[in-house]
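Enquirer: Next up is a structure, given as C-alpha cells.
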Amino acid sequence: MTALSSENCSFQYQLRQTNQPLDVNYLLFLIILGKILLNILTLGMRRKNTCQNFMEYFCISLAFVDLLLLVNISIILYFRDFVLLSIRFTKYHICLFTQIISFTYGFLHYPVFLTACIDYCLNFSKTTKLSFKCQKLFYFFTVILIWISVLAYVLGDPAIYQSLKAQNAYSRHCPFYVSIQSYWLSFFMVMILFVAFITCWEEVTTLVQAIRITSYMNETILYFPFSSHSSYTVRSKKIFLSKLIVCFLSTWLPFVLLQVIIVLLKVQIPAYIEMNIPWLYFVNSFLIATVYWFNCHKLNLKDIGLPLDPFVNWKCCFIPLTIPNLEQIEKPISIMIC
C-alpha cells in the first residue's frame, strides 16, 4: 500500500510538472490579449490627424507586433505540435518567442526616446522640409530599421543566446527579461517633473486655483485667465513652465503616480508588458513639453506650428486665448482631457 501511494504521488507530481508550462502559456495568452485590448482602447481615445510624427508610427508598429505575437501563441496553443517549413513547433516555443520579444522590447526604450526627441527638435526648428508622402516613408523605414536593428542585436548577443539556450523545453519556469532602460527612463522623467514642480510650485498653485475648464469650438479646454502679451513671444519661462506642468498633469497624473510607485518600490515588470502604447504616449507628451520649454523663446503665436499631441492639448494650455463672452460659453464640465 505504501509503495502504491508513493507511485501515485510520483505520478501526480509528474503530471503537475508536465501541465505547468501549458498553464503558463494560457496565462501569457491572456496577458497579451489584455495588452492588445489596451492598445485598441488607447489608439481609439487619441486625437485624430496626429500621425505625422515618429512616435505615432512606432505605436502602430508596436500594436502590430503584439497582435502578431498573440496570433503565434494562438496557433501554437491550438495545434500544440506541428511542423512548418521543416521546423517543429510545440507549446514550449510560446515561452521562447515571448522571451525574444521581451528582450527586444527591453532594448527599445532608449532608441525610441532619442529618435522621438530628435524628430520633434527637427520638426520644431523646421530644418527638414519633406513632402507628406516622403515624410510618411521616412518614418516607416525608420521604424522598420529600429525594429530590425534591435532584434538583430538580441539574436546576435552571446549572453542573450546563452540565456535563451539555458531554458530547455521542459523547464517548469519561463523567466522574462526586465528592462533596466525603462526603469532609468522612468526615474529620469519623475525626477525632472519633481524638480520642475518644486521650482514653480507657487505658480502651479495659483494657476490651479484660477484655472477654468470650459468648452470652446466643440473641445474641452483649460482656460488660463491671464492678460494677453504685448508681443508674440512667451517671456516668463517660470510661468510658462507652470502651465506646462498643469497641462501635463491634468492628463497624466495617474500615470505619473504609477511611475513614482514603480521607481520607489523598484517593481520588476516583464519587458513585454512594460513596453506598451500608454507608456509611449506618456513619454511622447513629456518630450513635447520638454521641446516647448527649451524653445519657448521661439514660440511665435502669429505663425505657430506646434507638434500635435494625441492626448494633451498644449496649444490651448499656454497660448493666450481671446474668447469673447466667456460667461456665455457652456458651463465647465467635470470630465476633461487637456
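Just so you know, the numbers here start at 1 and follow the chain as drawn.
Using N, Cα and C of the backbone, Cβ positions are placed for all residues, glycine too.
Copied straight from Swiss-Prot:
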TOPO_DOM  1-23  topological domain 'Extracellular'
CARBOHYD  Asn8  N-linked glycosylation site
TRANSMEM  24-44  transmembrane segment
TOPO_DOM  45-58  topological domain 'Cytoplasmic'
TRANSMEM  59-79  transmembrane segment
TOPO_DOM  80-93  topological domain 'Extracellular'
TRANSMEM  94-114  transmembrane segment
TOPO_DOM  115-136  topological domain 'Cytoplasmic'
TRANSMEM  137-157  transmembrane segment
TOPO_DOM  158-177  topological domain 'Extracellular'
TRANSMEM  178-198  transmembrane segment
TOPO_DOM  199-244  topological domain 'Cytoplasmic'
TRANSMEM  245-265  transmembrane segment
TRANSMEM  269-289  transmembrane segment
TOPO_DOM  290-338  topological domain 'Cytoplasmic'
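How buried are the listed features, and what sits near them?
Expert: Beyond its flanks by at least six residues, the transmembrane segment (94-114) meets 21, 24-25, 28, 55, 58, 65, 69, 72-73, 76-77, 146-147, 149-151, 153-155, 160, 164, 167, 171, 174-182, 185, 270-272, 274-275, 280, 283, 287 of its own chain at Cβ-Cβ distances under 8 Å.
Model confidence over the topological domain 'Cytoplasmic' (115-136) stands at 80, taken as the mean pLDDT rounded to a whole number.
Among residues of the same chain six or more beyond the transmembrane segment (178-198), those with a C-beta under 8 A of the stretch's C-beta atoms are 105-110, 113, 204, 241, 245, 248, 256, 259-260, 262-263, 266, 268-271, 274-275, 279, 283, 286, 290.
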Enquirer: Please report, as numbers and ranges, the same-chain residues at least 6 past the borders of the transmembrane segment (24-44) whose CB is under 8 Å from any CB of it.
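Expert: Apart from its flanks, the transmembrane segment (24-44) reaches 59-60, 62-63, 66-67, 69-70, 73-74, 76-77, 91, 94-95, 98, 173-174, 272-273, 276-278, 281.
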Enquirer: Checking distant contacts: for the transmembrane segment (269-289), what same-chain residues at least six beyond its ends satisfy Cβ-Cβ under 8 A?
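Expert: Distant Cβ neighbours of the transmembrane segment (269-289) are 31-32, 35, 38-39, 42-43, 46, 55, 58-59, 62-63, 69, 98, 101-103, 105-106, 108-109, 112-113, 116-117, 120, 176-179, 182, 185, 189, 244, 247-248, 251-252, 255, 259, 262, 307, 309-312, 314.
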